[in-house]
Amino acid sequence: MALIVQKFGGTSVGSLERIEAVAELVIKTQQQGHQVVVVVSAMSGETNRLLNLAKQIDSTPSARELDVLLTTGEQVSVALLAMAIIKRGHSAVSLLADQVSIKTDNMSGRARVEHIDTERLHQELEHNRIAIIAGFQGRDGEGNITTLGRGGTDTTAVEVAGVLQADECQIYTDVDGVYTSDPRIVANARRLPEIHYAEMLELASLGAKVLHQRSVEAASRYHTPLRVLSSFKPDKGTLISYKEGCVSNNPVTGIANQEAVYYQFTTSNVKMLSQLLMALAKLQIEVDMLHQWCRQVGIFDYAFTVHSNDHLVVLEVLQSAPFAQDINEMTFEQGLVKVSVVGLGIKSHPQILAQTLDALAYEDIYPKLMSTTEIKASILVAELDLQRVVNRLHVTFLP
């Protein structure tokens, strides 16, 4: 008998018919002899509906009150799923974040899980009840409701699986696994049967939408095997773990892309960059492709990228933070994408970047910026060139 945590996203519970189907799937897992804990998102479109309601009241609503509002979506879906399971003669109970003591920090909209008390969950499992937990939410130290931000339900599921020492955390979504690239861009992208945590973490951080990077980080920390599956197409999906079989013979595992904004500025304050990075870190904004060069003695140029979703926040920091007075000639450019070739083998294959540049030159495309690490090679190109770039790289590395 295994302990399995199953997560169902908004599309999977997007209608009453789909909730009924999820109930059947959960019951089937229990009937196979497993203990089951379920984590559920709000029904598809519900979070956006609630967000729109808030913005009709106030275009910049209180972050605390917005968290209170948005978490009601998950409360609906967990209750409906519990009803569907109970109707079928099986025991189930819906649980909100405070009922399972999911404690977070106080960062509204981007909270991080700090602790989960497993006592209530163990009680439910001992009574052979299926515990259905509302994802995406927690409580801070003062009892305020918090939300976990993008991919929050994935994160809830993996954190719960980790503290319960579950045998597997299954992420059910509208795709049947992790692919070598986005199938909407590359028609012949292939599903990966297995992938290493480190590679999945890079793909998630670089725009692969099937899993959020925080959930992969948590799975890696707890050594919890993750499996990405489709709610609509029964299959084995993709296993993410440290297993030896998860490392491919091909140095490249996948190609990811992410909308990015490029910033460049000049300063004579040698401490300014560290101040900027610290300010962005406090806002949980990741900086990538950071470059520095010296224009002349005492004058430094810096360039970096961030996810396009963070652009307005970064711009405000650059323009209004105390160190902003030390920034000169600040420019930014939108309409760009960061394309990354990812694989554990890249560190032992230094020719990967050269092959990447050759592939781009074949398409007469030249990157604005490039960077490499032990596990990825990234280039910054115009969004208009995305289709050609990703397909050419897929042909080059994953034929």
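Glycine residues also receive a Cβ, built from the backbone N, Cα and C atoms like all the rest.
Features of the protein shown, as given by TrEMBL:
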- Lys7, Phe8, Gly9, Gly10, Thr173, Asp174, Tyr179, Arg184, Lys209, Val210: ATP binding site (BINDING)
- Thr47, Glu74: substrate binding site (BINDING)
- 3-229: domain 'Aspartate/glutamate/uridylate kinase' (DOMAIN)
- 339-397: domain 'Aspartokinase ACT' (DOMAIN)
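Per-residue confidence over the domain 'Aspartate/glutamate/uridylate kinase' (3-229) averages 94 (mean pLDDT, predicted model). DSSP assigns Thr173 (ATP binding site) to a strand segment in the three-state reduction.
Other Cβ atoms within 10 Å of the Cβ of Tyr179 (ATP binding site), summed over all protein chains shown, number 20. Residue environment of Thr47 (substrate binding site) contains 21 other Cβ atoms, counted within 10 Å of its Cβ in all protein chains. The Cβ of Lys209 has fewer other Cβ atoms within 10 Å than any other of the binding-site residues Lys7, Lys209. DSSP states for the domain 'Aspartokinase ACT' (339-397), grouped as helix (H, G, I), strand (E, B) and coil, give 32 helix, 15 strand, 12 coil. Around Glu74 (substrate binding site), the same-chain residues at least 6 positions away in sequence with a Cβ under 8 Å from its Cβ are Val40, Ser41, Ala42, Leu96, Ala134, Gly135, Phe136, Gln137, Thr153.
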